[in-house]
């Protein structure tokens with residue numbers, strides 16, 4: 001829908017008068033002076049009377065004068081001109097608003113930081129809510145949540161979570177799937193296609209019958225963790241798997257349901273995760289369990305379930321496998337280590353003895369057994385062994401070499417050959433041995449047969465034991481579906497492709513390094529660092545995402561140098577683009593008054609450039625406003641200057657640039673001729689009479705007030721007479737007042753109260769009851785209601801202690817407070833105090849000595865630096881006079897010693913006074 005000014009006057013005939021048949025025509029009328037110029041065509045300059053300026057126009061134009069009659073066409077043209085002007089004004093306002101918005105957006109880095117802080121605060125609240133149940137078990141310890149917290153932070157950060165299959169960002173409103181092995185997040189359609197393609201590639205060499213019999217796995221694109229085909233994701237669940245299609249909630253972790261996770265911890269301990277539904281691995285179990293150590297000798301202690309296995313560090317003392325020694329290692333997990341000791345042990349046959357580890361008592365020597373077998377004719381040919389040697393291997397029924405005949409012969413005789421043909425299968429597994437029964441292996445097959453090559457394309461007659469391979473190269477495509485086999489005489493089961501894949505990965509930066517394969521390549525394993533402007537904050541993203549990933553928000557301070565007269569910029573965060581304008585105080589010295597400029601820095605103020613060519617009319621496209629950075633002059637000085645008002649009532653601070661006589665707007669206040677009132681006019685200039693600056697002048701007003709003479713000090717009532725000069729009559733009104741103790745109300749005649757002396761006034765204002773006030777010692781005053789402070793002569797019994805507070809007695813309160821009675825320490829107290837003083841003195845002396853040594857070392861180091869290297873051209877006749885150690889350091893030693901002595905002296909007399 002177009003704006004009204006665009007809809008009005010559309011078409012080529014805009015500005016023409018409408019015909020009588022097409023619509024109502026406007027009647028001619030007078031043309032105002034402001035619209036006279038509208039009767040000329042656009043671009044023809046005119047003067048204020050509607051006459052074309054001389055020397056302008058298009059040659060000999062007919063628009064040279066304004067004496068033309070006013071017609072309907074002229075009135076219509078004026079209306080169109082007004083619409084055009086309105087259109088021009090609307091465009092101008094829109095451009096100004098756009099420029100203002102652009103300037104605000106360009107210099108709103110502080111607002112962006114405030115928005116970032118709000119987002120960070122919201123994220124912190126969600127994280128705290130997610131980890132509340134866990135931190136309540138760990139007393140606020142977050143050290144075990146570092147890995148899980150990283151996954152949760154990446155879930156909140158835009159562009160941080162990337163699907164490795166399609167190399168695209170994972171958004172909050174997209175269905176996702178999380179791997180249970182590496183916890184990587186993928187788009188649901190991407191992982192479904194990946195699983196389908198992986199199963200197809202694995203099962204493609206098989207027949208249709210075998211395909212249904214096996215459940216071929218598919219791997220995770222990142223960690224290669226294998227899943228069954230039945231585990232292919234088909235529905236979108238939250239991280240904990242409780243809610244299907246979790247709703248999008250801005251106050252929850254993206255793709256979570258907000259419920260407690262309740263997944264079992266790994267390794268399984270019987271407890272479940274306490275966090276709210278979250279990405280990434282579950283943290284270690286925070287539950288407390290009571291468990292004993294590995295050797296089960298120590299008492300059970302409460303420990304975290306995730307670290308429940310512990311060692312008491314006591315010797316294990318379990319019997320080792322050797323059954324002779326005990327384990328000396330500290331309490332440990334699992335079986336004990338083999339015995340580390342060495343002992344003399346016999347071999348299995350018992351002939352040899354050797355020093356061997358106690359953990360391996362069984363060993364064999366290299367000698368043949370040699371024992372006589374039960375037959376009595378042969379000896380045992382086994383290597384050193386345990387137990388009986390067994391029967392003679394040549395005794396009992398034996399077979400001939402071809403295994404066709406059995407013989408029962410003594411062990412001393414060999415089995416003869418039977419004379420029959422051997423008939424054993426040869427190595428070719430097709431023919432049998434044609435020789436007579438013989439000892440030893442059969443010969444190779446020498447029969448000639450018609451052999452077919454491995455690929456089945458050629459045949460040839462040749463010896464059976466020789467293989468036949470033709471020279472034909474296989475033309476089949478390997479399993480990668482890209483390269484030919486080209487193996488000579490291939491059997492059809494072509495080997496896998498051994499070339500490198502080399503296809504460009506989804507990142508468009510690297511090529512696949514794997515062996516040539518079918519289907520999609522695995523995602524690029526590389527990561528790219530996306531840095532902020534100062535390169536201190538780095539965000540690792542999968543390769544290929546660096547072009548679309550926004551740089552991370554850096555919290556470091558911007559290090560760009562200042563471009564104004566200030567030495568350094570205000571502290572603000574690292575950013576791209578120009579720095580925000582300086583907001584520091586200008587502090588330039590003003591020319592007129594030498595004060596410092598207090599306004600914000602204006603060296604680089606953004607000012608709209610003036611003097612640009614203006615459009616001649618609405619038909620021209622207005623040029624975009626241009627802003628330039630210009631140093632503005634300092635504003636007028638606003639430093640307050642003390643200035644006296646006209647009536648000399650006050651000295652008020654006025655701005656430095658406007659300091660001068662002024663009216664303070666107060667009443668004049670000078671005493672009038674009556675002597676009772678003052679001038680009530682607003683502060684004005686007064687001419688002094690006879691040099692008296694306290695009397696009213698001729699400019700002051702006359703007195704018209706009532707009597708305002710001062711009453712007696714105790715009388716609060718006004719005089720009812722008009723203003724007069726003599727004394728006022730006595731006051732007879734009753735006054736309600738409080739007694740001295742402020743408890744009872746007393747009614748006294750105003751005259752009596754005001755005319756009474758101090759003693760009589762004290763009696764009049766007393767309620768004659770006991771004073772309720774509390775003395776400084778804490779006891780109640782015993783006197784009758786009285787004026788002033790209570791007496792401090794308290795006779796209440798209180799407890800008194802000696803200075804070291806070892807001895808105590810009961811004494812009168814006033815005597816104790818005035819210090820007339822004191823309880824001195826006895827000899828026991830003095831001994832205790834003396835020992836304490838000696839210990840303190842030793843500590844102070846040690847501190848003084850240590851300080852002296854430190855100052856000595858610093859002084860020597862300082863002098864060594866001052867001396868520097870000796871010059872080679874130093875005169876030989878100079879004699880260096882060395883000062884003694886006391887002359888060098890007596891100042892540095894005496895000052896701390898005197899200070900410590902003064903402090904000890906003051907402390908001692910303070911304790912004595914107490």
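Just so it is clear, glycine is given a Cβ too, placed from its N, Cα and C backbone atoms.
Quick look at what Swiss-Prot annotates:
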type	residues	note
REGION	1-120	region 'Disordered'
COMPBIAS	16-34	compositional bias 'Low complexity'
COMPBIAS	59-73	compositional bias 'Polar residues'
COMPBIAS	74-92	compositional bias 'Basic and acidic residues'
COMPBIAS	110-119	compositional bias 'Acidic residues'
ZN_FING	163-224	zinc finger
ZN_FING	269-287	zinc finger
ZN_FING	322-341	zinc finger
ZN_FING	375-394	zinc finger
ZN_FING	428-447	zinc finger
ZN_FING	455-476	zinc finger
ZN_FING	480-499	zinc finger
ZN_FING	507-526	zinc finger
ZN_FING	674-702	zinc finger
ZN_FING	715-733	zinc finger
ZN_FING	777-796	zinc finger
COILED	830-879	coiled coil
TRANSMEM	892-909	transmembrane segment
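Tertiary proximity for the zinc finger (375-394) is limited to same-chain residues at least six positions away from its ends with a CB under 8 Å from its CB atoms, namely 347-349, 351, 364-369, 411-412. Beyond the ends of the zinc finger (269-287), by six or more residues, the same chain brings 129-131, 133-134, 137-138, 144-145, 147-148, 150-152, 154-155, 178, 183, 185, 238-240, 242-243, 246, 252-253, 255-263, 304-308 to within a C-beta distance below 8 angstroms of the stretch.
Nonlocal intrachain contacts for the zinc finger (715-733), taken as residues 6+ away from its ends with a CB within less than 8 angstroms of a stretch CB, comprise 674-677, 703, 705-709, 749-751, 754. Ranking 163-224, 322-341, 428-447, 480-499, 674-702 by CB pairs under 8 A with the zinc finger (507-526) puts 163-224 at the top.
Residues 426-428, 430-431, 444-449, 484-492, 494 of the same chain, all 6+ positions outside the zinc finger (455-476), place their C-beta atoms under 8 angstroms from a C-beta of that stretch.
Sequence-remote contacts of a segment are chain residues at least 6 beyond its ends whose Cβ falls under 8 Å from one of its Cβ atoms, and for the transmembrane segment (892-909) they are 837, 841, 844, 847-848, 851-852, 855-856, 859. Broken down by DSSP into helix, strand and coil, the zinc finger (455-476) contains 0 helix, 6 strand, 16 coil.
According to DSSP, the zinc finger (375-394) comprises 0 helix, 2 strand, 18 coil. Note on the zinc finger (507-526): DSSP counts are 0 helix, 2 strand, 18 coil. According to DSSP, the zinc finger (715-733) comprises 0 helix, 1 strand, 18 coil. Residues in the zinc finger (777-796) partition by DSSP class (helix H, G, I; strand E, B; coil) as 0 helix, 2 strand, 18 coil.
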